[in-house]
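Enquirer: This is the feature table in TrEMBL:
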type: BINDING; residues: ASP55, HIS166, THR168, GLU326; note: Mg(2+) binding site
type: BINDING; residues: ASP55, ASP331, HIS335, ASP372, HIS373, HIS448; note: Zn(2+) binding site
type: ACT_SITE; residues: SER105; note: active site, phosphoserine intermediate
Amino acid sequence: EGGNQPGWSPITLTFFMDKDPKYWNAGAQMTLKNALTLQTLNKNKAENLILFLGDGMGVPTVTAARILKGQLSGQSGEETQLEMDKFPFVSLAKTYNTNAQVPDSAGTATAYLCGVKANEGTVGVSAAAVRSQCNTTEGNEVTSILRWAKDAGKSVGIVTTTRVNHATPSAAYAHSVDRDWYSDNEMPAEALQAGCKDIARQLFENIPNIDVIMGGGRKYMFPKNRSDVEYPGVAKHSGTRKDGRDLVQEWIDKTKDKKGHYVWNKKQLLSLNPNNVDYLLGLFEPGDLPYDLERNSETDPSLTEMVEVAIKILRKNPSGFYLLVEGGRIDHGHHEGKAKQALHEAVEMDRAIGRASLLTSIHDTLTIVTADHSHMFNFGGYTPRGNTIFGLAPMLSDADQKPFTSILYGNGPGYKLVNGARENVSTIDYQENNYQAQAAVPLSMETHGGEDVAVFAKGPMAHLLHGVHEQNYIPHVMAYAGCIGQNREHCLSRSGTAGLHPVLSTIATLFTVTRLLC
């Protein structure tokens, strides 16, 4: 009856319901009922494949983002469900690189995109390639699921909040022994002489006709010192290319007769009619996109807005699509010790997951949400229910008699001594957007964490992500579900559990099978 009390806040109501065993029993029974429906496995063919990659989104980040999401809507937070929390299947991925116990984003991207574990700092090459050694590239290239999908006739897209030639997206199309070779300007002369290509160039040359590309990284596409369209005269934002090429203009010339559109701001993006666009290149910043908390909502699109446009363009293909979406700046927030920035990035990626869910169907779309690696981020300190996620623990330290925030880092730039002792956080604004949470070990940049990351899955064949797996298993599952890449025999099976059932009419099914046999 408490729910009918006028003026009760959501938090007060939650605390009231918490005290009644009926509340917990009813919730558990509903969860059980839902779980029993999952006994009937979805073995449809996945026409569409979507991978949401939260860069640096370890399990503590997921939990903290869940609490933040709830608190942003006036709830206590802990009981909130993220969109990814609603996915029926969850597994763990082991993130180590072939030469690193605690990995980087390049070697991990090669694993979850190309299906092969690799060395840190390298993208789209096997572990036989050595970082920064150009002559170890040739013969060691590995292809990605984005290419497998394109070769199978699907439309493909990349959407990121970082540079489009950053570690995560680049493993989808590039073969580079160094993740930092953004343009020829960042490459050593020997590597260029030996014939290695910069990553920006590979974006346009390796896989022709990537249908949708959106993110940052404009400056790497233009000739050196070419003034940026948005920040004219700001040297650090000017073009970087030494070869004098204008990769954007080359792309425009190549696609202008194929319904291709280049955009560099939100207004241009949202004025497009996706039905009239077959190819889209959106480069919204010279470097990475701004943090969502600092984003100019007039000029820069949100990740959710970019994802919506991408899906509306890609889904026109009757053969389906593959889409890689990266919430790339979760990682940057953590590296800077700025937990508030990182967690708001994670909440925005969760919004994008929700938008994608509304635009697709679990019957024919396999969606996976995961991280490449974790961070040295955590929260604790026996905080009470509903404590603001950016707040203080409820007691003082019994060692130095000072307050401490619930969120802390194992290492990073937040380490600070005042008069030889730990800073008293009550004297500063620890809820400010760019507050750097205290860290145990001083470092200019906080490091990645080495623990397993969660893999959330829904849609056709999602149940194949079910235990503890190597990270490179992920694209193999996606390819199997979508009947692309090396696992295709089962798609032609007419009987037995191996056969995948496309969600199509009988005539369309016969057409698909005939086409596969040809």
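Glycine is no exception: its Cβ is also placed from the backbone N, Cα and C atoms.
Keep in mind that what you see is a predicted model, and the values were worked out from it rather than measured.
How buried are these features, and what lies next to them?
Expert: Close to THR168 (Mg(2+) binding site) in the fold, though at least 6 residues off in sequence, lie LEU53, ASP55, SER105, ALA109, THR160, THR162, LEU324, GLU326, GLY328, ASP372, each with a CB less than 8 Å from its CB.
Cβ neighbours within 10 Å of ASP372 (Zn(2+) binding site), excluding its own Cβ and spanning all shown chains: 31.
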Enquirer: Do you know offhand how many angstrom separate HIS335 (Zn(2+) binding site) and HIS166 (Mg(2+) binding site) by C-alpha?
Expert: 16
Enquirer: How many neighbouring Cβ atoms, not counting its own, are there within 10 Å of the Cβ of ASP331 (Zn(2+) binding site)?
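Expert: Excluding its own Cβ, ASP331 (Zn(2+) binding site) sees 28 Cβ atoms within 10 Å.
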Enquirer: Test of understanding: give the count of other CB atoms lying within 10 angstroms of the CB of SER105 (active site, phosphoserine intermediate).
Expert: 27
Enquirer: Would you count the other C-beta atoms found within 10 angstroms of the C-beta of HIS448 (Zn(2+) binding site) for me?
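Expert: Total other Cβ atoms inside 10 Å, all chains included: 23.
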